[in-house]
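A.B. asks: What follows is a structure written as structure tokens; I'll ask about it next.
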Amino acid sequence: MADLGVKAGDKVLLVWSQPSSPTTLKELAESLGAMVGTDGRVSLENMERLMMSSHAASSYDWVLSSVLSDSFSVHTSETLAEMARVIKPDGKLVLEEPVTGTDDQKVRTAEKLISALKLSGLVSVTEVSKEPLTPEAVSALKTYTGFQGNTLSRVRMSASKPNFEVGSSSQLKLSFGKKTSKPVDKPVLDPNAARAWTLSANDMDDDDVDLVDSDALLDADDFKKPDASSLKAPSCGDGTTKKKKACKNCSCGLAEESEQESKGAKTISQPKSACGSCYLGDAFRCASCPYIGMPAFKPGEKIVLANTGLNDA
């Protein structure tokens, strides 16, 4: 245990589990006591009674769990959380646990053990060593857990508690004052770059500069007024077997022609009076008069009849 880094004045919690030899446990406790000296302390705790103990939070510099060669234990998430609770900030946890090479409900893999340590709030989780279990330990583990696999090994993990307490708070210094920004220097304009984009009047009068005459761009045909038929697209209203249909955003006049045709088709010729006295009222109208039931109107006034009335007439 000398390679762990336990020094004088440290407080160590040694967690042991069955089966453990009392002699081996006593020798390890005495060895740790000699390391920490009179200013330190070594406490012993059984794994099964750890959750029922009343250890103060953040009271140990070290927690050593199942590090005896003749013992083993599968650490639950509750046990790992309790160990993380009693460790001081920046304290260390060293544990040993049997792992398997394949996923199993009884014994987990080394990767899952690392994940469980991180979920308990510990950091800097590293795998220190890994060695095969002795036949006696394998037999005892199968009896204890019911595991029936053969890919078993013993792994030692090291982890640290963060240098702050869980749930601790710290005041943040925030400044909401308006910050004065330094004046930004205006970039200096390159005279060569400005000269490249400048065209002077002298350059316009230069004989080497070819200017295009705008009047020469049009010929005599461009000034002729186009015929309406020439403006129509080849496919505009095309087809003799189908009705002419104007294109979208038509500009050739076909849309106006179609609109006039549709208005003319909707015009209904109103029946004309034969007696000339229909406008006076029902008293002066014939029995088959289409204006029966309508009020009197002025001569020449436009009257629109319903389709039902025309059908009945």
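Backbone N, Cα and C define each Cβ position, glycine as well.
Got these off Swiss-Prot a minute ago, pasting:
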| type | residues | note |
| --- | --- | --- |
| BINDING | C236, C247, C250, C252 | [2Fe-2S] cluster binding site |
| BINDING | C275, C278, C286, C289 | [4Fe-4S] cluster binding site |
| REGION | 6-170 | region 'N-terminal SAM-like domain' |
| REGION | 171-223 | region 'Linker' |
| REGION | 236-252 | region 'Fe-S binding site A' |
| REGION | 275-289 | region 'Fe-S binding site B' |
| MOTIF | 275-278 | motif 'Cx2C motif 1' |
| MOTIF | 286-289 | motif 'Cx2C motif 2' |
A.B. asks: Can you count the other CB atoms that lie within 10 A of the CB of C247 ([2Fe-2S] cluster binding site)?
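C.D. replies: There are 14 such Cβ atoms around C247 ([2Fe-2S] cluster binding site).
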A.B. asks: Can you count helix, strand and coil residues in the motif 'Cx2C motif 2' (286-289) using DSSP?
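C.D. replies: Counting residues per DSSP class in the motif 'Cx2C motif 2' (286-289), I get 0 helix, 0 strand, 4 coil.
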A.B. asks: I'd like the Cβ neighbour count for C252 ([2Fe-2S] cluster binding site), meaning other Cβ atoms within 10 Å of its Cβ, all protein chains included.
C.D. replies: 17
A.B. asks: According to DSSP, which kind of secondary structure is C247 ([2Fe-2S] cluster binding site) found in, if we only use helix, strand and coil?
C.D. replies: coil
A.B. asks: When neighbour density is defined as the number of other C-beta atoms within 10 angstroms of a residue's C-beta, which of the binding-site residues C250, C278, C286, C289 has the lowest density?
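C.D. replies: Counting other Cβ atoms within 10 Å of each of the binding-site residues C250, C278, C286, C289, the minimum falls on C286.
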A.B. asks: Distance check, please: Cα of C286 ([4Fe-4S] cluster binding site) against Cα of C252 ([2Fe-2S] cluster binding site), rounded to an integer number of angstrom.
C.D. replies: 51
